[in-house]
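Trainee: Straight out of Swiss-Prot:
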- His64: active site, charge relay system (ACT_SITE)
- Asp107: active site, charge relay system (ACT_SITE)
- Ser200: active site, charge relay system (ACT_SITE)
- Cys49-Cys65: disulfide bond (DISULFID)
- Cys141-Cys206: disulfide bond (DISULFID)
- Cys171-Cys185: disulfide bond (DISULFID)
- 21-242: domain 'Peptidase S1' (DOMAIN)
- Asn41: N-linked glycosylation site (CARBOHYD)
- Asn71: N-linked glycosylation site (CARBOHYD)
- Asn101: N-linked glycosylation site (CARBOHYD)
- Asn151: N-linked glycosylation site (CARBOHYD)
- Asn179: N-linked glycosylation site (CARBOHYD)
- 1-19: signal peptide (SIGNAL)
Amino acid sequence: MFLLLVLLVAALPVNAEGGEIIWGTESKPHSRPYMAYIRFNDSKSVYRCGGFLVARDIVMTAAHCNGKVINVTLGIHNLKKKKNTQLIPVSEAIPHESFDNETLVNDIMLLKLERKAQLNSAVDTIALPKSKDWVKPGQVCTVAGWGKLANCTLSDTLQEVNLEVQKGQKCRSMSQTYNDSIQLCVGNPSENKATGKGDSGGPFVCNGVVQGIVSCRLCTGTLPRVFTRISSFMPWIRKTMKLLQQP
């Protein structure tokens, strides 16, 4: 999940599912009740992503976390302790219509759950931003997710880390497709902490409002990272949520 850069990355196997939880800390159990653990599969394998509950029956995640079968677990902290958690299949997945699977531009998706989540102290929704909300360079916000430890074993517990928003030109120098109007440039290279592949789809939370989606499929040791800027997609989000919630 949270990556100590370059040397440790080189030690990971090519098919590693996530980064390493280095410089991150274990979250207080159920302190982030909006977190969703997502498992999905295609014809070849089963994968994991993060996500977050935005309505009782809708989870937001990255569009590249799509598969033939998707299941969401809510209210979970330790993946080995499923008691009192809610496992809900996804009935419909709607990725953004302009999502590019190669560049990961417009990497946002809404999942309709087969049934509404039961809200409690461990399961709750998170606030979405307004369209005009603009996360600025220098802001420090938090990412949470489940990923691999430094020894390449899977983390059983939810981990979190604080990351600093960077100026867009830092990401433009690394990616020709970076677009500051719809993406966020996240992670201070001098701090050597970041997100990895296993954190895809997870929330970037600033002052209790989700402002970004981890949009990193094959993360290398280079910082900063590119996240989806949620505020830019609010018209699409409102329209799609209304569509998914029709009787």
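Each Cβ is built from the backbone N, Cα and C atoms, and glycine gets one as well.
Where in this structure would I find these features, and how exposed are they?
Mentor: A helical conformation is recorded for His64 (active site, charge relay system) in the three-state DSSP classification.
Every protein chain considered, the tally of other Cβ atoms within 10 Å of the Cβ of Asp107 (active site, charge relay system) stands at 28.
Around the Cβ of Ser200 (active site, charge relay system), the number of neighbouring Cβ atoms within 10 Å comes to 31. Secondary structure from DSSP puts Ser200 (active site, charge relay system) in coil.
Long-range Cβ contacts of Cys49 (disulfide bond) within its own chain (separation 6+, distance under 8 Å): Ile38, Phe40, Thr61, Ala62, Cys65, Gly198, Ser200, Gly201, Gly202.
Cys206 (disulfide bond) counts 18 other C-beta atoms within 10 Å of its own C-beta, drawing on all protein chains shown.
Under the DSSP three-state reduction, Cys171 (disulfide bond) is assigned to helix.
Long-range Cβ proximity for Asn41 (N-linked glycosylation site), meaning a same-chain Cβ under 8 A and a gap of 6 or more residues, is found for Tyr47, Gly67, Lys68, Val69.
According to DSSP, Asn71 (N-linked glycosylation site) sits within a strand segment. For Asn71 (N-linked glycosylation site), the same-chain residues 6+ apart in sequence whose C-beta sits under 8 angstroms from its C-beta are Ile38, Arg39, Phe40, Leu87, Ile88, Pro89, Val90.
The DSSP secondary structure for Asn101 (N-linked glycosylation site) is coil.
Here the Cβ of Asn179 (N-linked glycosylation site) has 16 other Cβ atoms within 10 Å, regardless of which shown protein chain they belong to. Secondary structure from DSSP puts Asn179 (N-linked glycosylation site) in coil.
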Trainee: In Å, rounded, how far does the Cα of Cys171 (disulfide bond) sit from the Cα of Asn179 (N-linked glycosylation site)?
Mentor: 9
Trainee: I'd like the number of other C-beta atoms within 10 A of the C-beta of Cys171 (disulfide bond), please.
Mentor: 23
Trainee: Nearest to Cys141 (disulfide bond) in three-dimensional space, by Cα, is which of the recorded positions His64, Asn101, Asp107, Asn179, Cys185?
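Mentor: Closest by Cα distance to Cys141 (disulfide bond) among the recorded positions His64, Asn101, Asp107, Asn179, Cys185: Cys185.
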Trainee: Want to know which recorded positions, from Asn101, Asp107, Asn179, Cys185, are within 10 Å of His64 (active site, charge relay system) at Cα; which are they?
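Mentor: Passing the 10 Å Cα cut: Asn101, Asp107.
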Trainee: Taking only the recorded positions Asp107, Asn179, Cys185, Cys206, which one has a CA atom nearest to the CA atom of Asn101 (N-linked glycosylation site)?
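Mentor: Going through Asp107, Asn179, Cys185, Cys206 one by one, the Cα closest to that of Asn101 (N-linked glycosylation site) is Asp107.
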